[in-house]
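A.B. asks: Below, the features straight out of Swiss-Prot:
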- ARG133, VAL134, TYR135: all-trans-retinoate binding site (BINDING)
- LYS102: SUMO cross-link (CROSSLNK)
- 21-31: motif 'Nuclear localization signal' (MOTIF)
Amino acid sequence: MPNFSGNWKIIRSENFEELLKVLGVNVMLRKIAVAAASKPAVEIKQEGDTFYIKTSTTVRTTEINFKVGEEFEEQTVDGRPCKSLVKWESENKMVCEQKLLKGEGPKTSWTRELTNDGELILTMTADDVVCTRVYVRE
């Protein structure tokens with residue numbers, strides 16, 4: 001079983017602003033979010049299939065607790081409440097499908113994958129736009 005535990009720092013990010021745009025975030029808030037999310041602090045604690053993930057930026061901190069295979073509530077990247085279900089796609093990759101609790105919006109999901117090089121790759125998807133963020137352990 002892969003070990004996602006640790007404190008992670010971002011080394012690369014692609015398409016984050018484009019993702020926020022497709023989610024309908026206005027231009028001013030996008031600029032603030034992109035600046036704040038340029039240096040997130042990510043803490044992951046893992047015990048088997050149970051995860052705690054805390055992501056902190058200068059603008060907001062999010063925390064999620066989940067067990068792979070069990071539905072839980074969280075927020076989409078733009079802050080809308082949703083139900084999420086995480087499954088293992090492969091030995092080192094988890095996939096999360098999100099469903100909005102109310103209202104309409106783009107179909108959203110995320111994945112987290114550990115590479116053989118020790119990088120953590122987070123992808124966030126809204127409809128056809130994919131944002132990729134790459135982290136290394138601190």
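Just so you know, glycine gets a Cβ as well, placed from its N, Cα and C.
Neighbours and distances for these, please.
C.D. replies: Neighbour density for TYR135 (all-trans-retinoate binding site): within 10 A of its CB lie 22 other CB atoms from the protein chains shown.
In three-state terms derived from DSSP, LYS102 (SUMO cross-link) belongs to neither a helical nor a strand segment and is classed as coil.
Here the motif 'Nuclear localization signal' (21-31) has a mean pLDDT of 92 out of 100.
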A.B. asks: Which of the binding-site residues ARG133, VAL134, TYR135 has its Cα nearest to the Cα of LYS102 (SUMO cross-link)?
C.D. replies: ARG133
A.B. asks: Give the number of CB atoms, excluding that of LYS102 (SUMO cross-link) itself, located within 10 Å of its CB.
C.D. replies: 8
